[in-house]
Amino acid sequence: MRKHPQTATKHLFVSGGVASSLGKGLTASSLGQLLTARGLYVTMQKLDPYLNVDPGTMNPFQHGEVFVTEDGAETDLDVGHYERFLDRDLSGSANVTTGQVYSTVIAKERRGEYLGDTVQVIPHITDEIKGRILAMAQPDAQGNRPDVVITEIGGTVGDIESQPFLEAARQVRHDLGRENVFFLHVSLVPYLAPSGELKTKPTQHSVAALRSIGITPDALILRCDRDVPEALKNKIALMCDVDIDGVISTPDAPSIYDIPKVLHREELDAYVVRRLNLPFRDVDWTEWDDLLRRVHEPHETVRIALVGKYVELSDAYLSVTEALRAGGFFHHAKVEMVWVASDDCESASGAAAALGEVHGVLIPGGFGIRGIEGKIGAIHYARTRGLPVLGLCLGLQCIVIEAARAAGLAGANSAEFDPDTPDPVISTMADQVDIVAGAADLGGTMRLGAYPAVLEEDSIVARAYGTTQVSERHRHRYEVNNAYRDKIAESGLRFSGTSPDGHLVEFVEYPPDVHPFIVGTQAHPELKSRPTRPHPLFVAFVGAAMDYKAGELLPVEIPEQSSNGIQHRDSAARPIPEPAARG
């Protein structure tokens with residue numbers, strides 16, 4: 001009798017049916033959080049069926065944000081959900097695309113590694129996918145082997161692009177044994193208002209399509225805008241041949257952070273533990289319950305304007321908005337997002353109309369010239385009125401451009417937006433010149449991943465972090481032109497953090513006697529924020545916005561700089577509260 005290999009790691013696959021955007025990523029993340037709260041070591045992976053090697057060159061309107069990992073991989077935004085819910089860093093191996101798989105297989109064929117075989121989807125493509133799935137079960141850098149690997153399969157069952165991934169998942173179950181693999185299928189149960197009925201037929205057809213390729217789901221997540229009654233759950237269990245304990249109703253939740261509670265109420269985590277024969281421990285809700293109290297019982301509300309190019313699609317700034325909300329959780333405050341198209345702030349009147357009722361302005365990252373003058377206009381409006389500002393990546397560059405113009409360089413600009421500008425205060429990084437000129441590939445060639453920075457001891461950012469040695473993730477090709485540092489400093493702007501060699505500007509800020517809170521970073525700190533451990537910069541920024549709202553940082557018009565570029569204030573900013581300890 002054939003025996004399956006002994007495996008210490010269990011694999012759980014999450015697929016989707018009927019429609020896209022049902023929340024597979026959040027479902028997988030929430031289940032991962034529940035298993036982690038049971039004391040298990042969980043890691044996660046996303047299989048994306050598109051032919052792009054990574055999402056780095058994709059339009060944010062089509063794909064949403066690009067989430068950058070510590071090791072510099074440009075990945076799907078769901079990887080951000082995984083990191084936030086698991087509260088641990090993942091690597092580039094957490095995201096696998098069809099483009100990566102085919103590129104690797106074709107490269108192997110060119111090297112002659114297939115010994116003359118005809119290269120086919122089965123077995124060569126599926127074997128490459130299986131290898132990447134099984135690699136997630138290897139011990140981490142500390143030697144710890146995961147108890148569970150949760151793998152989300154992108155797309156919808158029935159899509160041509162997803163078929164190799166589903167076949168690879170089926171083969172993993174065949175190779176490791178059914179007792180070591182669990183299939184979770186997320187499906188839509190639509191409500192028809194005219195008849196007042198919930199319809200189960202789409203889910204039945206979706207499961208039938210899954211079974212036709214050899215996969216029988218162990219559990220079903222029923223997505224609906226309301227609870228699915230027990231009678232319908234029994235019907236679905238019968239028609240789809242799934243245990244009734246594995247039919248899970250997941251109505252829309254008030255917050256994404258409520259989803260673990262929804263799944264736990266339906267006992268999905270206990271069912272998974274039982275089916276995979278995992279160690280049984282009670283869920284430790286201590287940290288998550290504290291988070292939910294902060295989410296649902298805020299003491300006040302603060303309005304933050306996000307001035308960006310892609311505000312029509314909130315997923316384009318997903319990590320930013322979650323980091324802002326987490327900063328609010330720290331202060332027991334609700335952050336109300338005000339989405340402002342950067343084009344609306346190009347004129348003084350437009351900026352006043354868009355920003356007149358907010359308590360803080362966030363300028364996120366981005367690329368291209370469209371909307372840049374609006375971002376600069378928003379910064380000018382905020383600077384002259386004492387309104388707190390946090391600039392991320394491109395946001396730092398816009399703060400620098402606005403400061404340079406205030407210091408007398410009227411034509412100051414970035415080489416990205418105006419190659420012929422007389423004062424390129426933002427210039428192309430030396431190792432990016434050929435790439436920008438078109439002499440090398442654009443994809444995967446930016447300054448990516450975690451880099452260290454050194455902060456000045458008495459700076460706002462050092463007080464926020466509680467240290468002068470920090471590491472943040474990056475994604476950029478342009479930098480502050482060091483030839484203009486002295487001139488820009490005449491505006492009062494301070495270069496408060498640099499790379500360890502002092503060459504690359506990583507942080508800028510105005511001292512509190514010049515402006516209450518304008519801070520910019522060349523990094524993307526939002527990528528390291530967690531709902532239970534908010535990032536220090538977002539804690540400080542939301543705190544400054546709350547001060548502004550309370551009138552402690554007076555929302556009065558600040559005069560333009562004098563001839564020496566510096567305008568002092570009599571009042572000082574409130575000390576920045578110490579954020580929770582970060583690992």
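Glycine is no exception: its Cβ is also placed from the backbone N, Cα and C atoms.
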Using only what Swiss-Prot says about UTP binding by S20, K199, T200, K201, P202, T203, Q204, identify which of K46, K233, K235 is listed for that site too. K235
Select one of E416, E457, E490: the residue that Swiss-Prot places in the L-glutamine site alongside G366, L394, G395, L396, Q397, R477. E416
Which residue of D54, D71, D76, D78 does Swiss-Prot report at the same ATP site as S21, L22, G23, K24, G25, L26? D78
Site of maximum Cβ density within 10 Å, from binding-site residues G23, P202: G23
Of the recorded positions listed here (L22, K24, I160, C393), which is spatially closest to K201 (UTP binding site) when Cα positions are compared? L22
By Cα-Cα distance, the member of binding-site residues L22, L26, Q204, G395 nearest E152 (Mg(2+) binding site): L26
DSSP output for G23 (ATP binding site) maps to coil
Nearest to S21 (ATP binding site) by Cα, among K199, T200, P202 (binding-site residues)? P202
